[in-house]
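S.K.: First the structure, which I've put down as structure tokens, then a few questions once you've had a look.
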Amino acid sequence: MTVENFDIVVLGGGKGGKSLALSMSKAGKQVCLIESKMIGGSCINVACIPTKTMVASTRLQYDARRNGFSKAGDNLKEVLARKRAVVSKMIDTHMALFTGTENLTFIKGYGRFVESSDGAKLIEVENRTVSAPFIFINTGTKPLKPDLPLSPGSENLEILDSTSIMELEALPESLVIIGGGYISLEFAQIFARLGSHVTILERGNEFLSREDRDIAKEVELILNGEGVDILYGVKVDAITAGDHGKKILELTIEKGGERESQIIVCDQILTATGRAAVNEGLNLDKIGVEVDGRGFIKVDEKLETSAPGVYALGDCKGGPFFTHASWDDYRIARDNLMQHYRGLEPKRSTKGRLIPYTLFVEPELGRVGLTEAEASKLGLDFKVFKLPAAKIPRAATEGETRGLLKAIVDKKDSKILGFAALCLNGGEIASTVQVAMLSGMTYDQLANVVLSHPTMCEALNLLFQES
């Protein structure tokens, strides 16, 4: 067996893996990047980029209709065509980088670990065997397939997931979404704006359980206002194939301690109940890499697995399931590798990092830090600031006054503990607050920064004037 030796092998070309491979090859290291299918990672192919492209496309239709310029129409084909064009261009860009970067060997194929008699870390891929003292796994996740109660004779019924729904050839007249998480809400609004009647089935009695109740309620009102129905306390008892391609769901709904039965007939069903690890077939046990009960790779604060010299980046280690978290994983790995090559100890870790996130419904929800509920649970002494989005001048000029801003502030030192912006450009506003939090600014210092008028960030001047 001929072994090709590299300085670094990256297994999986997601955000963290591809960034590390390109960076270290440009630093003069011999790097092998292995990717089986998704050039550039899931974010570009089936997650952030395609879904946010669809959000942007349906926004145009929604805004036109809202301002009286046109009526609702079935523009699914046009929306998906633009999505495919954006994704295709990004894939081509990444392929050019992978194949045209000096010191980088790109292998398209499915890599798997194999045993070695001398303890070397070996990976087989496309009839080749590669090895390196440092191996980084960045294989990502896939949609979790829940165990659905499909009736006898309906076992082969087509059930959509967050990937396949973006390849529909026809707009469903009615869409039922099982699961009320963040991905569900984005697709609910997208398809409602295209003209589908959308119903979300939530197993629990709370909506967006990770958020404060006032924020979650406002999101619910926004979706309801666009025609999305949300049912709580739902148990799906059976799913059956009906006539003319219809799908029949038999439900039990619990309300106030009482149960009632309900039947929903729809054209399509989407399951969006979480993500699963893509680690099967890697033979992780061959090199002693441990996984948790859900199959995600266990790592320490420096992203190293239970096997020395083997690291995991991004979603394959169990989250946070954000591209920007994977990007930060890459920076930690890159800096620690450079320390090693300089003969120094690695310094960077995931300890204490502050990771924001954005729910891309419209208006979007940007979040960073603690919620009010979390601050209360920790026993912190804090005060809450709120501002309705309708009081922001730029929101009025843009005609998007739904939502609110909310900040949690420590009473002792006036530092911002957490922040939520459910409004136009909410994600960008949350990132601005994140910078203030990391720099140690107090809320009153942020409130007194001169911010441009009329911008959405100007809301930070207004927010802290209201208690």
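Cβ coordinates come from backbone N, Cα and C, glycine included.
Below are the features listed in TrEMBL for this protein:
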- H453: active site, proton acceptor (ACT_SITE)
- K52, G111, D315: FAD binding site (BINDING)
- G179, G180, G181, Y182, I183, S184, L185, E186, E202, G274: NAD(+) binding site (BINDING)
- C43-C48: disulfide bond (DISULFID)
- 6-326: domain 'FAD/NAD(P)-binding' (DOMAIN)
- 355-461: domain 'Pyridine nucleotide-disulphide oxidoreductase dimerisation' (DOMAIN)
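Each of the listed features needs to be described in terms of its position in the shown structure.
M.R.: Under the three-state DSSP scheme, H453 (active site, proton acceptor) falls in the coil class. All protein chains included, H453 (active site, proton acceptor) registers 10 other Cβ atoms within 10 Å of its own Cβ.
Around G111 (FAD binding site), a 10 Å sphere centred on its CB holds 26 further CB atoms from the protein chains shown.
In the three-state DSSP scheme, L185 (NAD(+) binding site) is classed as helix.
C48 (disulfide bond) is surrounded by 17 other CB atoms, counting those within 10 A of its CB over all protein chains shown. In three-state terms derived from DSSP, C48 (disulfide bond) belongs to a helical segment.
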S.K.: What is the set of residues, excluding G179, G180, G181, Y182, I183, S184, L185, E186, E202, G274, whose C-beta falls within 8 angstroms of the centroid of the C-beta atoms at the NAD(+) site?
M.R.: I177, I200, A272, T273
S.K.: Out of the recorded positions C48, G181, E202, H453, give me the one sitting nearest to D315 (FAD binding site) by CA distance.
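M.R.: It is C48, whose Cα lies nearest.
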S.K.: Rounded to the nearest angstrom, how far is the Cα of H453 (active site, proton acceptor) from the Cα of K52 (FAD binding site)?
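M.R.: About 27 Å separates the two Cα atoms.
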S.K.: Considering the binding-site residues I183, L185, which residue's Cβ sits among the greatest number of other Cβ atoms within 10 Å?
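M.R.: Within the set of binding-site residues, the most crowded position is L185.
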S.K.: Looking only at G179, G180, G181, Y182, I183, S184, L185, E186, E202, G274, which the record lists for NAD(+), tell me the maximum pairwise CA distance in angstrom.
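M.R.: Looking at G179, G180, G181, Y182, I183, S184, L185, E186, E202, G274 as a set, their Cα atoms extend up to 15 Å apart.
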